[in-house]
Protein chains: 2
Amino acid sequence: MTSITRRRRSKGPDTRAAVEDAITDAMTRLLTSGHTFTSVSVEDLAKESGIARSTFYMHFRDKGELVRRLMKRVTQELVGATNVWFEHEHPEQRVVLHQALKSISQVYIKYQAIMLAVSETSAYDPDVAAMFKETMMHLMANMRAVLKGGQKAGWANADASPEVADALTWMVERCCLQLLTVQKPAQRERMIEALTHVMSRALYA
Amino acid sequence: MTSITRRRRSKGPDTRAAVEDAITDAMTRLLTSGHTFTSVSVEDLAKESGIARSTFYMHFRDKGELVRRLMKRVTQELVGATNVWFEHEHPEQRVVLHQALKSISQVYIKYQAIMLAVSETSAYDPDVAAMFKETMMHLMANMRAVLKGGQKAGWANADASPEVADALTWMVERCCLQLLTVQKPAQRERMIEALTHVMSRALYA
DNA sequence: CAACTATCGGACACTGTGTCCAGTCATAAT
DNA sequence: ATTATGACTGGACACAGTGTCCGATAGTTG
């Protein structure tokens, strides 16, 4: 399949990717400049991308697919950030947890336009919602695993149920989103510290 | 103002309220039967309410205003539920906290159609978002006050910052929403217990 | 009975969506 | 150099939904 798709008949070396980058870049630009994802029409997007409206539909089924693809890019990086903690040899150290939460928040900040678009869209687009849910499930599973491992190793609180891991995961997600509405780095740091506090208290024995 | 509005010229004793109840009831019915708020058009709603589409606009500026009014009803009850804890003489008792969280979750369950509609709409409707934010601000302020009071009284963890209160508030909100997708009472109880665990650990000295 | 007014029901202009297709044009194959 | 290819254009289309407006209808009140 790939080779067929990539046989670059006509046009430049990698037109397909180039156009799609132009579109995703345009969307990111529009979101960054204050527009809501919902408020950006396909026509707006086409204009900003410098393409015809119908061309958009040659690359994406609808606006939802655009978000889904943007999300895919971010998800990997987000999971990577969580692994700072999940796969660390010493997850029982508070500094490690704090650093992981900082990394996670940095992913949110780096891709804030996308993160906000995802949380906006997943509220009403079933496909985006499913994808978002899947990511959350993945993170919750990891969190549960760390907790279980910690309980075996003795550093984690034996009273903490798997549902505690779920609750903490949701908390981190929501708070990172809230973090984006805050500008001052000092305030952001305070919020990360608060997350560290709640998590370490809930999990550590 | 009220007396002017209530001068019931024409039609039954309280036609205005009656029609609006018919509309809100119809929306609740449609949401409960599986429709998304976004997927319900004003025409659908009018049909279900047994009124003309144009009549809807005599009572509500748009669908957003309908949500806002539904939300208003619930907010009071929700705040009431939180006061089980906020205004209790002994907020340091774990059972009191647990009971408060149970009350909160029960409000979410009772009005689940509305809660889901609000969280769906506030993602893209600025007015609904503002209203939702206001409620959250209110709850966070209360949570901060309890924490501060507890620190003075000595039962609360001195290390817990005001941001900890904020994080916990967001956690409870998100988790109660998630609670609605769970059917089994036992699982719901486990989730409430998890919230109790995290909160008591984070706050109590 | 007459005045009032909420509701009806249909028309209107508008915005946005997703599909389709004939025409253009740069490129790759011959 | 010529031709075939296929991505892109740009405009038209049908469709769904929104919010406004208005004449007609019908029930209530004085």
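Yeah, the Cβs are placed from backbone N, Cα and C, and that goes for glycine too.
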Which range of A:41-60, A:81-100, A:121-140, A:141-160 is DNA-binding region, per TrEMBL: A:41-60
Tally of residues which DSSP labels helix, strand or coil - the domain 'HTH tetR-type' (A:17-78): 47 helix, 0 strand, 15 coil
Beyond the flanks of the DNA-binding region (A:41-60) by at least 6 residues, Cβ under 8 Å: 16, 19-20, 22-23, 25-27, 29-30, 35, 66, 69
